[in-house]
Amino acid sequence: MMCTALSPKVRSGPGLSDMHQYSQWLASRHEANLLPMKEDLALWLTNLLGKEITAETFMEKLDNGALLCQLAATVQEKFKESMDANKPAKTLPLKKIPCKASAPSGSFFARDNTANFLSWCRDLGVDETCLFESEGLVLHKQPREVCLCLLELGRIAARYGVEPPGLIKLEKEIEQEETLSAPSPSPSPSSKSSGKKSTGNLLDDAVKRISEDPPCKCPTKFCVERLSQGRYRVGEKILFIRMLHNKHVMVRVGGGWETFAGYLLKHDPCRMLQISRVDGKTSPVQSKSPTLKDMNPDNYLVVSATYKAKKEIK
């Protein structure tokens, strides 16, 4: 069993007196959680479109809408091939997507290209909740929403023979496991790991490393327990955890994904601070599983972090 927590003695993190640094740190955490999704989608787009896209250039490459229109046209061609081979149960949109390929970033034409892509997504069946605003792409204001939209497009496209992004492949893998496997019994003592010994499994070792950083020193510990390959009990929940491209440890949460490190920041009480609205004082969360009803209305929770100076926060 892997247990992780922060000792109150060594706990550090931005408080109300450090709100500027805290805001910067929080933004860096959001970006860190988004990075695996960007990398996965960049690789998917590169393979589909033959244009090199990276996580670093993701929004910049897409922001004039031209590559998205090209993506729609490419996916349509693959749909047509699938329809010729198998009669689909649903009629798919096959139409010319108006696009100005040379549209400057930030221009009206960039917005028009993006709007045309979004219109095509609606025709395809992408739910309104998965779409982004044209401005959100053009002005780089909604990177997460752009990623979620493309993932949903990948899910739909995969039904018609289009190679999906890596995260969608992992979703299919989990769905198959849930369909084929019966409920697993409680793990035997031999399935629990402790100390620094390596399990020899890349995923298990990565989960162990993340859950034990920083080292646990609290008497009441938040536990991460391996139940079976890729299946863990984290706190009070049983979760599927996967390694994306042998690099990122991802948790299947609801209908989406989150980094394991990001999940722990939100759900491990030992990684949170309780801040008083009255005097601004911070204190550790004492409850093993804090809920809003357990908290004083004059307090609120923030995640804790090792403090970084402003110049160190990227």
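Positions of Cβ are set from backbone N, Cα and C atoms, glycine also.
Owing to the predicted nature of the structure, the values given are computational and were not obtained by experimental measurement.
Lifted from Swiss-Prot, the feature list:
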| type | residues | note |
| --- | --- | --- |
| COMPBIAS | 189-198 | compositional bias 'Low complexity' |
| DOMAIN | 35-157 | domain 'Calponin-homology (CH)' |
| DOMAIN | 198-271 | domain 'GAR' |
| MOD_RES | S184 | phosphoserine |
| MOD_RES | S188 | phosphoserine |
| REGION | 176-200 | region 'Disordered' |
Helix, strand and coil totals (DSSP H, G, I; E, B; other) for the domain 'GAR' (198-271): 21 helix, 29 strand, 24 coil
Segment-level pLDDT (mean, integer) for the domain 'GAR' (198-271): 87
Secondary structure tally of the domain 'Calponin-homology (CH)' (35-157) (DSSP, helix then strand then coil): 80 helix, 0 strand, 43 coil
